[in-house]
Amino acid sequence: MSVQVAAPGSAGLGPERLSPEELVRQTRQVVQGLEALRAEHHGLVGHLAEALAGQGPVTGLEMLEEKQQVVSHSLEAIELGLGEAQVLLALSAHVGALEAEKQRLRSQARRLAQENVWLREELEETQRRLRASEEAVAQLEEEKRHLEFLGQLRQYDPPAESQQSESPPRRDSLASLFPSEEEERKGPEAAGAAAAQQGGYEIPARLRTLHNLVIQYAGQGRYEVAVPLCRQALEDLERSSGHCHPDVATMLNILALVYRDQNKYKEATDLLHDALQIREQTLGPEHPAVAATLNNLAVLYGKRGRYREAEPLCQRALEIREKVLGADHPDVAKQLNNLALLCQNQGKFEDVERHYARALSIYEALGGPHDPNVAKTKNNLASAYLKQNKYQQAEELYKEILHKEDLPAPLGAPNTGTAGDAEQALRRSSSLSKIRESIRRGSEKLVSRLRGEGAAGAAGMKRAMSLNTLNVDAPRALGTQFPSWHLDKAPRTLSASTHDLSPH
């Protein structure tokens with residue numbers, strides 16, 4: 001038996017399409033009505049049975065039996081309707097469960113699709129990193145071969161240079177950029193130099209011991225001792241002399257150096273700005289100490305890659321030193337070197353060549369063509385030429401350095417000089433060994449770049465090969481120059497390393 005359910009008030013308008021939720025709700029209402037009707041029919045059946053049991057006449061009995069049959073048929077129809085309604089409700093619940101499962105599966109499919117996209121992206125990133133790692137490994141293997149070759153060349157270096165290379169002094173990791181004022185005055189003998197100058201301002205006697213201790217601790221890497229020592233001394237000075245005092249500026253300068261050695265360039269820069277302000281107020285804007293602080297600030301900005309901000313500071317330091325010390329003073333030449341390096345990192349090569357040329361003329365006028373500073377400046381100028389692809393000019397400078405610079409006498413050569421001459425030669429050997437190592441790297445870069453030019457650079461390659469015989473068979477005595485055949489026919493050649501000589 002089927003049951004047709006119509007919405008209330010829709011009589012005569014035909015059946016109306018109901019939503020699944022409304023259909024289920026009305027079906028439940030029908031079930032409740034049928035259950036009530038079934039209970040009522042059960043009551044009628046009971047009353048009819050009682051009436052039949054007590055009825056006497058035959059005609060009345062037949063009527064009651066007929067009523068009982070009608071009620072029984074109605075009760076069966078009600079039972080059938082209830083069964084169909086229960087089936088409909090169960091079917092609705094099942095359909096609802098299937099729909100929920102369908103939605104869950106759709107959601108899971110969307111999530112899996114998104115995860116698949118993520119996994120694909122992760123796989124691509126992993127493959128990219130793998131390729132980069134393989135390229136890095138190949139580059140490192142090539143660099144390792146170059147370093148092994150250069151290590152084999154070191155056995156031909158003079159003994160004095162070898163000993164120095166085994167125990168090099170501790171330097172700043174970015175000292176290849178350019179030295180600050182204090183770096184040039186600081187060394188193993190600093191503890192014994194009681195009147196050492198720091199940035200053009202003489203360290204007071206009461207601060208010299210503290211300064212030497214801080215330099216010693218910083219040189220040993222014991223910054224946990226050096227920094228509190230500086231801060232305690234700074235607090236004592238500020239309590240006794242006030243903040244705006246030259247001694248406070250000096251201590252700020254020392255603490256800035258310690259921070260710089262720890263690569264804490266921002267903290268060091270803030271301290272130097274404070275020291276600069278104090279020195280300008282107490283010593284005047286054109287004092288050499290102000291110029292030194294400006295130079296140190298320029299160095300820190302340069303090491304942080306902020307060359308545009310460093311250049312005006314370096315330019316102002318140069319102007320002060322020219323006015324106070326004269327245009328031909330060695331400190332002016334040092335400042336010109338620093339300014340040239342800053343310009344080089346900004347691509348201002350015309351200014352670079354002009355500054356180096358002026359510094360070179362100052363060094364040659366003061367110390368002659370054999371002054372180590374002359375070779376150092378020429379080496380820097382050659383590096384600038386390399387950056388401009390001026391290989392011929394760079395080659396000529398390297399040749400000039402190699403031909404003009406004296407080298408230490410080889411092991412076993414007769415010693416005819418006095419003790420003072422030997423000490424001077426030792427100091428000169430130490431300086432030249434550093435210059436020689438710098439020239440070695442520059443010539444490697446020159447050879448590497450010329451090789452990269454292919455056939456067009458074949459002529460330049462022949463010129464460059466005359467530079468790849470550094471440190472071979474030193475002359476018998478100091479002052480002897482390299483003969484030209486020695487540069488052209490030496491069996492040892494430098495590796496075409498990709499190491500960049502230029503400052504970073």
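From the backbone N, Cα and C atoms, a Cβ is placed for every residue, glycine too.
Annotated coiled coil per Swiss-Prot: 90-150, in sequence order, evidence recorded as sequence analysis. Averaged across the coiled coil (90-150), pLDDT for the predicted model comes to 89.
Annotation comment: Swiss-Prot describes 158-167 as compositional bias 'Low complexity'.
Annotation source Swiss-Prot lists phosphoserine at SER173 (among others), citing similarity to another entry.
Per Swiss-Prot, the feature phosphoserine maps to SER466 (among others); the stated evidence is similarity to another entry.
Taken from Swiss-Prot, the feature phosphothreonine applies to THR498.
Annotation source Swiss-Prot lists phosphoserine at SER502 (among others).
Feature annotation from Swiss-Prot assigns region 'Disordered' to 153-197 (among others).
Residues annotated as region 'Disordered' in Swiss-Prot: 411-438 (among others).
According to Swiss-Prot, the feature repeat 'TPR 1' maps to 207-240. Residues in the repeat 'TPR 1' (207-240) partition by DSSP class (helix H, G, I; strand E, B; coil) as 31 helix, 0 strand, 3 coil.
The repeat 'TPR 2' annotation in Swiss-Prot covers 249-282.
Residues or ranges marked as repeat 'TPR 3' in Swiss-Prot: 291-324.
Same-chain residues lying 6+ beyond the ends of the repeat 'TPR 4' (333-366) with a Cβ under 8 Å from its Cβ atoms: 177-178, 184, 291, 295, 298-299, 302, 307-308, 310-311, 314-315, 317-318, 321, 373-374, 377-378, 380-381, 383-384, 387-388, 502-503. Here Swiss-Prot flags 333-366 as repeat 'TPR 4'.
According to Swiss-Prot, the feature repeat 'TPR 5' maps to 375-408.
Summarised by DSSP class, the composition of the repeat 'TPR 3' (291-324) is 31 helix, 0 strand, 3 coil. For the repeat 'TPR 2' (249-282), DSSP puts the residue distribution at 31 helix, 0 strand, 3 coil.
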